[in-house]
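**Q** Pasting in a structure now, in structure tokens, and then I'll have a few things to ask.
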């Protein structure tokens, strides 16, 4: 594996947020519990992803887990209380749902770099990422029905779009675990590489993506998400279109005419069939 010098962009307690040549990397840093997340972990990830979204130097975002044994094993069951996962404020919550939506709407590609276990809510995080590079030691699966939990959102509905309804029901009803090759065969990941090469491969994919039009990638992500995200997905795509429209001379003519208190001259712009 190439020895890269990742730059720390911000210090957190339960995650790492680093940068390397246009790539932001968010790492769940709780290896002692297989990178299970708490409300604080999720809040920190939301903050880091929001910063990556706004950072003009960031083109692609990588989500991973600390160490080689786990990407993420889902919510920390020791923090689960009455009504949700209890944080330092003693309020039960499921803020991981906010994180899932954020990953979906960020107008930049998000790649899951999976080493070891991606189970439970960890597999759902894998599911909502745009692409997945899996190490050959990766293990995938859902655990909810075993521990009195479930994900009736992206973790089931969108999972079924990816692997098919029959396979998704198998994953949830049986709570089995699947190795990296099995995950590749069902379309849950994009590629499988040796553990020692997983970061090299992920960075290579990032660099290939970064050669392409960020506006085109933004619209492609929004278009593919709109199919499964309903009106929220359409809203995101419409917002992306509006931002692009604002950069055109046609939009600027309307704005300038209003500011200059005159009628806009829209006849000068083409009306393509």
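Just so it is clear, glycine is given a Cβ too, placed from its N, Cα and C backbone atoms.
Okay, these came from Swiss-Prot:
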type	residues	note
BINDING	34, 73-77, 85, 117-121, 143, 149, 246, 261	substrate binding site
BINDING	142, 143, 144	hydrogencarbonate binding site
COMPBIAS	254-265	compositional bias 'Basic and acidic residues'
REGION	254-273	region 'Disordered'
SITE	85	site 'Important for catalysis'
SITE	246	site 'Important for catalysis'
**Q** Quick one: what's DSSP say for residue 144 (hydrogencarbonate binding site), helix, strand or coil?
**A** helix
**Q** With DSSP, how much of the region 'Disordered' (254-273) is helix, how much strand and how much coil, in residues?
**A** 9 helix, 0 strand, 11 coil
**Q** Between residue 76 (substrate binding site) and residue 144 (hydrogencarbonate binding site), find the distance joining the two CA atoms and give it rounded to the nearest Å.
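**A** Pair distance, Cα basis, whole Å: 12 Å.
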**Q** If H, G and I count as helix, E and B as strand, and all else as coil, what does DSSP give for residue 246 (substrate binding site)?
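**A** Helix, per DSSP.
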**Q** Of the binding-site residues 34, 74, 118, which one has its Cα closest to the Cα of residue 144 (hydrogencarbonate binding site)?
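**A** Nearest candidate: 74.
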**Q** Taking just the CA atoms, what is the gap between residue 34 (substrate binding site) and residue 142 (hydrogencarbonate binding site) in Å?
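**A** That separation, Cα to Cα, works out to 15 Å.
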**Q** I'd like the number of other C-beta atoms within 10 A of the C-beta of residue 142 (hydrogencarbonate binding site), please.
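**A** There are 29 such Cβ atoms around residue 142 (hydrogencarbonate binding site).
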**Q** Show which residues of the chain containing residue 74 (substrate binding site), separated from it by at least 6 in sequence, have their CB under 8 Å from its CB.
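**A** Listed in sequence order, they are 36, 37, 119, 120, 121, 122, 123, 124, 143.
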**Q** What's the most sparsely packed of the binding-site residues 118, 120, 143, 144, 246, counting other C-beta atoms within 10 A?
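**A** Output over binding-site residues 118, 120, 143, 144, 246: least Cβ neighbours within 10 Å is 246.
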**Q** What is the set of residues, excluding 142, 143, 144, whose C-beta falls within 8 angstroms of the centroid of the C-beta atoms at the hydrogencarbonate site?
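**A** Here the nearby residues are 74, 119, 120, 123, 141, 145, 146, 147, 149, 150, 151, 172, 175.
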